[in-house]
Structures are given as structure tokens and as C-alpha cells.
Amino acid sequence: MTTQVPPSALLPLNPEQLARLQAATTDLTPTQLAWVSGYFWGVLNQQPAALAATPAPAAEMPGITIISASQTGNARRVAEALRDDLLAAKLNVKLVNAGDYKFKQIASEKLLIVVTSTQGEGEPPEEAVALHKFLFSKKAPKLENTAFAVFSLGDSSYEFFCQSGKDFDSKLAELGGERLLDRVDADVEYQAAASEWRARVVDALKSRAPVAAPSQSVATGAVNEIHTSPYSKDAPLVASLSVNQKITGRNSEKDVRHIEIDLGDSGLRYQPGDALGVWYQNDPALVKELVELLWLKGDEPVTVEGKTLPLNEALQWHFELTVNTANIVENYATLTRSETLLPLVGDKAKLQHYAATTPIVDMVRFSPAQLDAEALINLLRPLTPRLYSIASSQAEVENEVHVTVGVVRYDVEGRARAGGASSFLADRVEEEGEVRVFIEHNDNFRLPANPQTPVIMIGPGTGIAPFRAFMQQRAADEAPGKNWLFFGNPHFTEDFLYQVEWQRYVKEGVLTRIDLAWSRDQKEKVYVQDKLREQGAELWRWINDGAHIYVCGDANRMAKDVEQALLEVIAEFGGMDTEAADEFLSELRVERRYQRDVY
């Protein structure tokens with residue numbers, strides 16, 4: 001359990017007091033933290049002065065509700081910044097995570113702002129799935145008294161760019177809501193668009209929302225604030241890589257690395273279920289190849305965020321080189337008048353396919369042109385950190401953080417290519433080398449608060465990572481609840497990630513059951529969803545006993561296939577029709593008994 005606090009400007013504690021509080025709670029288990037929380041709440045409620053100072057409930061006056069639907073933290077940061085802007089304007093505002101929002105109250109909202117990202121094939125973030133499903137169901141209410149605005153974050157390298165925001169925007173209007181502002185669809189480089197949009201939202205709401213008393217605006221504005229740390233995406237910790245171990249066999253088609261990073265005395269804290277953000281540098285050899293293909297030298301001065309840098313340095317540290325997009329292909333075609341690429345312009349499907357199959361450097365190789373350095377920089381997108389599900393618990397590893405990295409490797413016409421962050425960690429950071437990292441907290445993927453609750457973990461491939469953290473935590477807490485793992489990969493002998501650890505947990509009785517699916521070890525392919533169906537009766541018994549279900553891994557295929565298998569198990573062994581099974585699984589999601597970390 002992580003203490004949740006508002007931004008430093010709103011903290012009632014000074015930095016020294018906050019440090020003492022964090023130090024005092026570092027070694028407490030989730031159960032102990034919950035008790036301490038209750039203890040202080042009891043102390044507070046025994047003090048009449050504290051009660052007298054409590055502001056009136058926000059429900060007594062209408063205000064603004066911001067719903068944050070975030071997958072990687074960007075949407076949450078935009079929502080929090082908007083909340084702070086509205087508080088500064090002395091407006092009554094409430095910020096709530098989509099997963100905590102009681103969506104049946106949406107009909108009573110007068111002023112509603114939705115900030116959402118998109119995942120997978122145009123799907124809403126995990127924490128917003130239940131709200132999305134409700135709004136698109138027959139149960140959705142009319143919203144004639146609701147004015148709304150939507151800010152949508154996405155990645156134009158994907159086909160269904162900002163689809164979740166488009167869905168929310170169109171459905172809220174269809175239900176009778178009034179658009180305060182047109183929807184904004186923001187790409188990876190979203191900050192400028194978000195800043196402009198926030199200013200327009202504040203202006204639009206000043207004339208429509210009541211001004212709150214300072215105590216009320218602060219109290220409601222701090223609702224569901226997530227975490228605080230001296231380190232963040234924009235101010236990462238410079239840590240050191242201590243272990244880089246290949247954990248797939250010599251003959252495996254996959255290169256999977258177990259990476260351990262030493263956090264030193266930074267005090268950086270995380271929980272099982274969180275992700276590690278990794279800032280990486282592009283391969284100097286890739287930078288050199290791209291520069292030479294464009295007949296540049298690499299020492300040309302370019303401007304990056306107001307600073308003048310040599311082109312080589314800018315490309316290595318500041319720009320995305322390993323992920324192509326339809327926009328880049330289209331802009332390069334138009335800029336260079338390429339005879340090969342111009343026929344693709346205007347055809348979205350062909351542009352998407354070309355971008356997905358042709359890295360930027362090979363696009364330039366196949367369609368050579370001469371660009372000046374600034375034109376190249378303007379063509380590219382800013383480099384963004386990669387997120388990896390954390391594979392460790394600090395209850396066991398203390399000042400370390402572990403991740404499980406599937407290294408992306410492929411060939412383009414005989415030339416070896418690799419993923420930016422995965423090859424950085426696997427190939428280019430030496431032992432004790434520097435790695436810039438931060439924690440991306442994920443409160444939508446948490447172990448049950450009750451240690452007696454059974455846990456079902458479904459994680460093929462590198463989706464196994466958070467469940468290693470879960471088991472370390474359950475073992476450290478001596479949690480009596482049962483644990484069941486479903487894992488799959490191509491081959492038993494080559495791809496059984498962390499095999500010795502799982503066998504030890506089984507022997508010690510910590511891991512109650514383990515079901516394994518090896519897709520290439522026999523004639524018929526077997527996947528984790530097949531194992532779920534095979535164990536349907538027992539799975540249903542666990543669910544009836546209150547088990548929490550966790551899924552981690554590929555969003556596009558695996559997660560959908562697993563969900564379909566779960567629906568079939570619920571329908572068959574729960575005696576339900578398809579609609580009732582879907583409703584049952586939706587209720588599990590709302591109750592936080594069905595959680596997914598998919599990508």
C-alpha cells in the first residue's frame with residue numbers, strides 16, 4: 001500500500017516531516033499500513049477541532065468532475081494539471097480515476113471532463129473499460145443536463161489512433177450531452193496541445209462553474225491523488241544496471257533478459273503491479289547509418305527544446321528512431337517527392353502497413369533523398385521512455401528493481417534491426433552502467449488487501465513479470481491465500497522463464513497450482529486460454545471462493561482470447577447465458593477482482 005498525497009504545494013507536511021513519515025512506514029506490510037491508516041483516522045475523529053475544520057461535502061454545491069482514464073500515466077498527468085489549473089481559478093473540482101468512478105452517477109454530472117488514453121486496438125485503458133461498457137449499454141442514461149469535454153491521448157503509429165477518446169466523445173454527445181469544446185486528439189508529443197486545451201477548458205468553465213471557498217477547492221481537488229516522489233518521468237533517477245542475464249535457452253527463438261537495476265540509497269519505492277519507466281539512448285551505429293544515408297555529417301547544429309546540439313547527439317538522446325509511423329512516411333514522401341512513397345499518400349491502410357514493416361532508416365535507404373539536419377529533426381517524433389512491468393518486490397530485493405525484457409530483434413533484407421529500449425538494456429549498457437529510470441504507479445493492478453484471498457495469475461511470455469513480484473510479496477507477507485499460475489511459451493526446455501523459482505514456490509507451498517501451456521512442443525498448439533478451459537470447473541470454484549484474477553501480456557490477441565475463455569468458463573460452470581456471463585465478468589472488474597496489465 002502506498003501513501004497517497006496531493007502535490008507538494010498542497011501538502012500539510014514539510015519535506016522533513018514527509019521524509020520521517022516515509023521512513024517510519026518503509027518496512028510495514030500492507031496489512032500493517034492499513035491498520036496504521038485506521039489508527040490515525042481514529043485519532044483524527046477524536047479531535048473536535050479537526051471535525052470543526054472539515055469543509056462541507058462537495059456534493060452540497062455543483063462542481064466539475066474530471067475523469068482520468070490512464071494506461072501509462074500520461075492521461076493522469078494531464079488530468080492532474082487541469083485539476084490544478086481549475087483550483088488556481090478557484091473553481092470547485094473533483095478528480096477521480098475512471099476505475100473508482102461510480103458510473104451510475106454520471107446522469108447527475110453537470111460539468112464533466114474526460115481525459116483518456118487508448119490501448120490495444122482502439123480500446124479504452126483498463127481502468128475505464130467498465131465505464132466505457134456502461135455508456136455503450138442499454139443502461140446508459142440520458143445526459144441532457146451534462147456539458148462535457150474530452151482530451152484524447154494516443155500514438156499515431158497505431159491504426160486506431162485516439163479511438164477511446166473518440167468513443168467517449170461521440171457517446172456522451174449521443175446521450176444528449178453538450179460539448180463544451182471540440183475533442184482534442186493528441187499524439188505522443190502531447191504537452192503543447194494539452195497546455196492549450198487546459199487553458200481553453202478553464203476559460204469555458206469560469207462562466208459556468210461556481211467559485212469554491214479555498215478549503216473546499218483544496219479538499220475536493222486532492223481526491224484520488226496518486227503518489228509523490230522526487231523522481232519522475234521528467235526527472236528520472238540515474239541508477240545502475242547490476243545484472244543482465246539471458247533466461248531463454250540457446251535454441252530459443254526469443255531473447256528474454258532478466259534485468260536487475262540498483263536503486264542505491266535513492267529511497268525510490270514501488271509496489272508489485274507497478275511499472276518501471278526506462279529512458280534509453282539510440283544505438284550510435286543506427287544514428288551513424290541514418291546520418292550517412294542522408295549525406296549529412298552529424299555535427300550539424302540543430303535546435304532541441306531551445307538548446308543547440310550536434311545532430312548526432314540529438315538523434316541519439318532525443319528522437320525516436322526505431323518506430324516508424326504513417327505520418328512520418330507521408331511527410332517524408334511529400335518532403336522528398338519520392339516516387340516510391342508518393343503513391344501511398346492518402347491511403348491510410350497502405351501507409352500504416354508500410355510504417356509497421358519498414359523502420360525509418362530502411363525507409364530512407366529504399367527511398368534516398370538529401371535532407372538538411374533541421375528538416376530531419378522536424379520529421380521525427382520525440383523519444384519517449386518504455387515501460388516494463390516490475391518483476392520484483394522490495395519486500396525481498398530491497399533497493400533493487402527487476403524487469404523481464406523481451407528483446408526485439410529482426411532483419412530487414414539481411415540487415416539486423418532491434419528495438420530501441422530492449423536492445424539498449426540487453427546490448428549497450430555495461431554492468432554498473434547508468435540507466436535513467438522512474439516508477440509508473442499502477443493502482444489498477446494490485447494484490448488483494450486481504451492476504452487470505454485466492455489469486456489467479458495468467459501471464460504467458462514476458463507477461464510473467466508482475467507475477468514474480470506478486471509471489472515475492474505473498475511469500476514475504478506469509479499470506480495464507482492460495483495462488484494459481486497459468487504460464488505459456490513456445491517450448492518447455494527453452495522458454496520456461498524463472499523455472500527454478502516457480503518450482504521452489506510449489507515445493508514450499510506458496511504456489512498452490514501451476515498450469516503450463518507449450519505451444520510448439522506438440523502437433524497441436526496449446527495456449528494459456530486452452531488451459532483455462534481445461535481447468536474450468538476448478539477455476540469456477542476458485543472464483544466462487546472470492547479469487548482475484550490477473551492477466552498480463554499482449555493486448556491485441558492473448559488478452560482477448562483469455563477473456564473469451566473466462567467468459568466461456570463462467571457461462572458453462574456458472575449456468576449463465578452469454579449476456580449474464582459478460583455482466584458477471586464486468587462486475588468482477590468493477591470490484592477489482594479482474595485486473596489486467598496488457599500492452
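Glycine is treated like the rest: Cβ placed from N, Cα and C.
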Pick the one from Asp477, Asp495, Asp554, Asp561 that Swiss-Prot also lists for the NADP(+) site with Ser519, Arg520, Lys525, Val526, Tyr527, Val528, Gln529.
Asp561
The most crowded of the binding-site residues Tyr158, Tyr388, Tyr527, Tyr599, judged by neighbouring Cβ atoms within 10 Å of its own Cβ, is Tyr388
Relative to the Cβ of Val528 (NADP(+) binding site), which residues of the same chain, six or more apart in sequence, are found under 8 Å away?
Ile458, Pro460, Phe486, Phe487, Gly488, Asp515, Ala517, Met558, Val562
My understanding is the cutoff is Cβ-Cβ under 8 Å with a sequence separation of 6 or more in the same chain; which residues meet that for Gly419 (FAD binding site)?
Thr322, Val407, Val408, Arg409
Same-chain residues six or more away whose CB lies under 8 A from the CB of Lys525 (NADP(+) binding site)?
Ser519
Just checking, which of Arg386, Arg520 (binding-site residues) has the fewest C-beta atoms within 10 Å of its C-beta?
Arg520
